[in-house]
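Reading through the structure tokens given below for one structure.
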């Protein structure tokens, strides 16, 4: 009975395989892994901060009113929370930066390359930190070593930073695409972990604005600037800082002149199995949906900690309640990425990935939140209860 069905699916599978090659499969897997890992790193940072708050409250002499949820993101050091105003103006700022890179790339490329390398070094060290903590735990205590005005660091932090600096130096010397991808992965994880969306309203504003930004600069910029601004900026290599330094200091033709130009780690690239082309995905197409997935993962955890204290949940089926917002949105991201890839292969042109990723992530999330009765709470800062603004010290 199953044989006819298999014969019906074989042509479809062959067609899908012809449209998606090994480089695109690598892009799918890596982008999803980065989002999942970055989201759980973000959640783990919140949980660690909650434990520190509990320990601090237990050791304090006074008694605090702690009826509010401890999931307030603003209390985590180093976290940047995007508000509604920033969400509205972020696409405008990104457009200005894109135009600066388009018109003045030759003038700012060295400065931009150095700044990107510094940020990538810090981000990749953050990516390596859990592995280094695991490696150094048996052989060294987790005491911090003082470096004067530079601060205090553990052995794991020093090891991860040293490895990151080494990787960046090798990338500058070789310009290899795999090292560039590693640095881009670090940037993705760090941005997902350290940038937060406080509500579903801010998420919709940000992703909708970036969708318009992506569509305009990919589809319509050529009519105004006689060139696809997004594609040109994303694919334009920069001069190697070593080569520029050699020419400025007149070190001779054989010193620093054989280093390659650098493709900046603002994207992930993977070669096809035949080596004829590369599949490319901008880190914004990973980070921006990743921030939404980070938000829903934190909300799923918030509901678990609330233990039924969130009111207003209607009678829905048990199967619907078992499906988490994170899994629903992650499946939507995968379907949107697959749709963008197929559209790119069919039209044989670059596609604005957010045109497909935003609807396939937001629409299922909004529908599921409405069916579960959580839409109103998720829409306006669900992690801040009314009691959170009225903490006081009891005498």
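A Cβ is built for glycine as well, from the same backbone N, Cα and C atoms used for every other residue.
So that you can see what the record holds, here are the features copied from TrEMBL:
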{"type": "TRANSMEM", "residues": "25-44", "note": "transmembrane segment"}
{"type": "TRANSMEM", "residues": "87-105", "note": "transmembrane segment"}
{"type": "TRANSMEM", "residues": "111-132", "note": "transmembrane segment"}
{"type": "TRANSMEM", "residues": "153-172", "note": "transmembrane segment"}
{"type": "TRANSMEM", "residues": "178-197", "note": "transmembrane segment"}
{"type": "TRANSMEM", "residues": "204-225", "note": "transmembrane segment"}
{"type": "TRANSMEM", "residues": "278-297", "note": "transmembrane segment"}
{"type": "TRANSMEM", "residues": "325-347", "note": "transmembrane segment"}
{"type": "TRANSMEM", "residues": "353-371", "note": "transmembrane segment"}
Query = Are the transmembrane segment (25-44) and the transmembrane segment (325-347) close enough that 3 or more Cβ pairs fall under 8 Å, when only pairs 6 or more apart in sequence count?
reply = yes
Note = Lying 6 or more residues past either end of the transmembrane segment (178-197) yet within Cβ distance under 8 Å of it, the residues of that chain are 30, 34-35, 37-39, 41-42, 45, 73, 78-82, 119-120, 122-128, 164, 167-168, 170-171, 203, 206, 262-270, 283, 286-287, 290-292, 294-295, 298
Remark   = Of the listed stretches 25-44, 111-132, 153-172, 204-225, the one with the highest count of C-beta pairs below 8 angstroms to the transmembrane segment (278-297) is 25-44
Inquiry  = Can you work out which residues elsewhere in the same chain, 6+ from the ends of the transmembrane segment (25-44), have a Cβ less than 8 Å from its Cβ atoms?
reply    = 181, 185, 188-194, 196, 268, 270, 279, 281, 285-286, 289-290, 293-294, 297-298, 301, 326, 330, 333-334, 337-338, 341
Inquiry  = With Cβ-Cβ distances below 8 Å as the criterion, list the same-chain residues six or more beyond the ends of the transmembrane segment (353-371) that contact it, or say none.
reply    = 200, 203-204, 207-208, 210-211, 214-215, 281-282, 284-285, 288-289, 292-293, 296, 316, 320, 323, 325, 328-329, 331-333, 335-337, 339-340, 343, 378
Inquiry  = Cβ under 8 Å, sequence separation of at least 6 from the ends of the transmembrane segment (153-172): give me the contacting residues as numbers and ranges.
reply    = 117, 120-122, 124-126, 128-129, 131-133, 135-137, 140, 142-145, 147, 179-180, 182-183, 186, 240-242, 259, 262
